[in-house]
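In what follows, a structure is listed as structure tokens, so that the remarks can point back to it.
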């Protein structure tokens, strides 16, 4: 570990002073790690360094500006996007679970930070502001709580939140059940060749959405008979040109902003100093120091550490105030800050317009994913992921011109197809249901929504399908056998994580899915389970070996909703994140969620179908050929006999 020069040169007496620091940090004898008295902190190699320096009367925590490089590992959470842990330092992650007020009495202590000049200022300000907001939130809560209140004894409203006369929307079943390969495999049905071919085409389009600038209309027409229409990038370019023309127009009246107001806002941003954020780091260190069960000898990738790493990023957004959330919602709905890009193509033969939405690939998509508190969908009682719903509202407005144009051109013959990978699939589903619920497009004109590796975002989605006159076949959810993203919101949430969510945000206190089923959002629609070849990813213990695409058929005898829930918890996302092999460009998280691997796996299933058809054709040809040859010999003999009779006559 890189130490500050002042610390490296301290005398033994000074070292003893360091050990007596009230923040609980001491320097290890080896000089390689920074550990805690009675417990210890092990620094993740991707986090900022925290150093303690003793002065005359100053207690300081320094963040060393060296950024350790880790070529083969990146910070990967339960989502498909990648978040650098430099945005949320490791010690602070622990604070996001529990608070410690012991450091509040030492607000006057001087805290310094050496900033990294190569970091983007906006990114640094982002996590600092979030942390300060959490700190203010907790201070307000602590004032209302008794001084010696315990987390386990905190009064939390755990009512379902559903109207009793209407029934609960969270009837999903428990995770309990004795499921294994034999019992679970009986519920699986292999998809047909025609359906696999359709899914292969849509998976290809979803993968293409990540490289929209490289799309060639000729390739789409030649390979799939599709015509490229437009994309979000073209819309943004046109909007930029129009805005530039308006600015150059002498008759255009510009929006006047007050310089004084702007400077005041800037000074307020500066006031949110990084020093205050590192006070939180000191509190975090003190909290970990007080945890006697924390064992430094245990691997850092244990499930508990993985749980903290996964939930800390979510907590930062959950704790934000309503004003900040409304501002984030407005950003998600704007064209320029939309979380996902998209493109549109037509199938002239079937009058179908296909909308393909990209998955998580930007900071805005990170916001949409983590802004995951429940809210009502379209003035109904059905709850939906708020961040993705807000983003879908913006994409809905962007799609409207293309939808109305297609309807006006083809009338009743017009059809619409929505698809997407990861976050894009969830957005596709919400936009699709918004169009139907608002009466702009009839349900008959909508083809089934197809998602690939997308998180479930509805609590009680079956209810909204029933209200719109749809059945579960309207939604086709394709998930890789070990993909962590579809499991992210639908796995079993540990009690301590659920408690933190309820403490920080009141909407989770009456969230039916969380209170009744210990999950955030329940699965909906038909679930397709895609297993690649063993050379790509290990076989799931509940699936037959080999590359295959199955439908989890609920009409099979012995089916229960607990089967799907049990599958979504095996492996549990925290179990996946607890493994070293989960991280990095070659890690299992990226491997089992990559859109390219979805395309390869579905195409592998198609090749198996093709080989099987060819093999059957060969067998049939070989079995029919002797019959044809024998029939030919009999025909020749009959012709010869007829000739003899005729010559005799």
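A Cβ is built for glycine as well, from the same backbone N, Cα and C atoms used for every other residue.
Feature annotations, reproduced from Swiss-Prot:
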ACT_SITE  422  active site, acyl-ester intermediate
ACT_SITE  483  active site, charge relay system
ACT_SITE  593  active site, charge relay system
MOTIF     420-424  motif 'GXSXG'
TRANSIT   1-67  transit peptide
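When the Cα atoms are compared, residue 593 (active site, charge relay system) and residue 422 (active site, acyl-ester intermediate) turn out to be 8 Å apart. Proximity of residue 483 (active site, charge relay system) to non-local residues of its own chain (separation of 6 or more, Cβ distance below 8 Å) is seen for 453, 592, 593, given in sequence order. Residues of the same chain lying 6 or more positions beyond the ends of the motif 'GXSXG' (420-424) and with a Cβ under 8 Å from any Cβ of it are 80, 203, 206-207, 209, 339-340, 342, 356-360, 365, 368-369, 388, 451-455, 485, 593, 595, 598. Ranked by how many other Cβ atoms sit within 10 Å of their Cβ, the active-site residues 422, 593 place 593 at the bottom. The helix, strand and coil residue counts that DSSP assigns across the motif 'GXSXG' (420-424) are 2 helix, 2 strand, 1 coil. Per-residue pLDDT, averaged over the motif 'GXSXG' (420-424), rounds to 94. In three-state terms derived from DSSP, residue 483 (active site, charge relay system) belongs to neither a helical nor a strand segment and is classed as coil.
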